[in-house]
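Chemist: Sharing a structure here in structure tokens format.
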């Protein structure tokens, strides 16, 4: 019994594992070593579980946020479409530069906005790609398909804007027209490349007089002014050009300035000279403000002649002056042709020219009457066929 007590006393200090190896103390040390290892393994497993839980939480909230953004786009756009279904289904985009009508409500911000268009620099005053003197001839065949292939950058309706700069003006080129398809093809062949080299933002409008009544050039030009603005209210420069006149120098820039501009100052049919100081025919240009200041062009010049001199008088009577290019640059070639039927000289033109001061306030853009019969957007121009009526059977007063 005493021996047992002694052995028990010897085993009691085993908590600190003293004593030599191989005895009871060695067994106690091995037990402590295994317990420590197991504790470290448990801690490592616990840390791995915690890390897995954190990764799962992060992935859950990321996927939830993406789904929330996706469905919020539909919920934000849905009410606007319900209130204004026509904005997405029946908007007419046939006109270039036309935008969808606004609903009057602020648009919901997009979850992922698209890239903004780059801001282009202003176009230079002196375009670098001009050629100068041009060789103009009218003997080669000129099918419209060829002209279209030569001008791939011109949009439907004859609209163009330079891709690398922003022009200072938006130009509408107005052509009075009837039965001149052959001339029009040459005009398009030469003028589109010239206008593109001049870095213009422009549109070409052929105003076609319907029927076979007496031709009225000035009234057609008034119609062209109004119809071009209906299509694009940003037009601020208007070039009025006969279809049979082609410039011989692309430095003759089709722009508007501080004063009304006369471009065709040296035609071949006049020996490349200005026929008289007050001549304003062929090709001319006025800004929108200048055109309205003179009340547009007269509507009562039926037949050939007189309207150009009336326009010159209107400009002079409103205190403006005519600007012209250098005579070496303002040279033009005219396509030779016989005088059109129903465009005989106007026998009243001389009397009317003398009375411009009395008639210009009542006869002009504010009094023009016409009916649009058809608007056809061709690859290189916009054709507008109009009924402008017929001349009166008796001369109007004034």
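These residue numbers are counts, starting from 1, taken along the chain as shown.
A Cβ is built for glycine as well, from the same backbone N, Cα and C atoms used for every other residue.
Quick paste from TrEMBL:
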COMPBIAS  87-102  compositional bias 'Polar residues'
DOMAIN    123-256  domain 'Galactosyltransferase N-terminal'
DOMAIN    261-338  domain 'Galactosyltransferase C-terminal'
REGION    85-122  region 'Disordered'
TRANSMEM  41-61  transmembrane segment
Chemist: Please list, for the domain 'Galactosyltransferase N-terminal' (123-256), how many residues fall into helix, strand and coil according to DSSP.
Modeler: 39 helix, 31 strand, 64 coil
Chemist: Pop the mean pLDDT for the domain 'Galactosyltransferase N-terminal' (123-256) in here, whole number is fine.
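Modeler: Averaged over the domain 'Galactosyltransferase N-terminal' (123-256), the predicted model reaches a pLDDT of 97.
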